[in-house]
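J.: What follows is a single structure, and I will ask about it in a moment.
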Amino acid sequence: MSSAVRMIDIAVNFTDYMFKGIYNGRQCHAADIPAVLARAWSAGVDRIIVTGGSLQESKEALAIAETDGRLFCTVGVHPTRCKEFEESGDPDQHFQALVSLAQEGIQKGKVVAIGECGLDYDRLQFCPAEIQKKYFEKQFELAEAVKLPMFLHMRAAAGDFCDILAQNKERFVSGVAHSFTGSAEDRDRLLSFENLFIGINGCSLKTHDNLDVLRRIPVERMMIETDSPYCEIRSTHAGRQFVKSDWPSKKKEKYDHDSTVKGRNEPCFVRQVLEVVAGSKGIGDLERLSKVLYHNTCRVFFPNDLDTAADALLESGHNVQ
């Protein structure tokens, strides 16, 4: 692996049971985050943002982030979990608990965004649209209170999502719409918000239509991620033709800590996302592309630690080719 390629994976669900070795309620192997991290660092991943999707999950994400200097996290409530505000019995107290957790994590230098929040109309069985909208809006209040960027989720809901974003655009500094799988129209609506970036992972690269949409996202407005343990790039995906890096894998029942688990995505595979972005956009210089994407991510989530090499590259005025 080339150490010259530097990457930040902006979305890893390390709180998921798969990273504890549990699949569909069955323990298949021991928890293995240290082995997963070792592969990520050797692949050129520099930092990882651990995703929080509920109050409890955000607490777990912060605890995980505290185990390594290169790990960071988000605090927020995923659209499919927004019923937790009302099921808590006191929505205002639940909100204040999120504020307190975010403030604690900021003091520890670990919480870098509010989220994962947004709208998901593909999975209304978990939470009705009206409740999703109510607490999506509420979380702008959280971002405003702690002055952090937003880590956003938009699935089959571009109209309402962009309307709410427009109504609250003064309340957040910047953000990323992660795991983007939308249409060309959805892409253009997101790009109309100057402080918004688009997060690309394996789910963004499944079809030839997806790749067509990707080609018109400027690299200066893009970030890359795995959203692991989900959203792997599969052999049937249109983007797979551009993948150059691979790792040995074994079925979960035959677990080996030196191999990836077949069917479980993990942060080292963010390099494959980088390769597909480069291949589909016809970019030959993988190192330069990685620096631009790295710089984008630092601008939003690590503004006090911008990568000087990436800065110098961008200031030189050379486009990524």
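Every residue gets a Cβ built from N, Cα and C, even glycine.
As annotated in TrEMBL:
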{"type": "BINDING", "residues": "Glu116, Asp227", "note": "divalent metal cation 1 binding site"}
{"type": "BINDING", "residues": "His153, His178", "note": "divalent metal cation 2 binding site"}
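In terms of burial and nearby residues, how do these features look in this structure?
T.: Long-range Cβ neighbours of Glu116 (divalent metal cation 1 binding site) (same chain, at least 6 residues apart, Cβ-Cβ under 8 Å): Ala11, Thr51, Gly52, Gly53, Thr74, Gly76, His78, Phe151, Leu152, His153, His178.
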J.: Can you count the other CB atoms that lie within 10 A of the CB of His153 (divalent metal cation 2 binding site)?
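T.: A 10 Å sphere around the Cβ of His153 (divalent metal cation 2 binding site) contains 26 other Cβ atoms.
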J.: Within 10 Å of the Cβ of His178 (divalent metal cation 2 binding site), how many other Cβ atoms can you find? Include all protein chains, please.
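T.: The answer is 27 other Cβ atoms.
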J.: List the residues of the same chain that sit at least 6 positions away from Asp227 (divalent metal cation 1 binding site) in sequence and have their Cβ under 8 Å from its Cβ, in sequence order, or write 'none'.
T.: Ala11, Val12, Asn13, Thr51, His178, Ser179, Asn201, Gly202, Cys203, Asn265
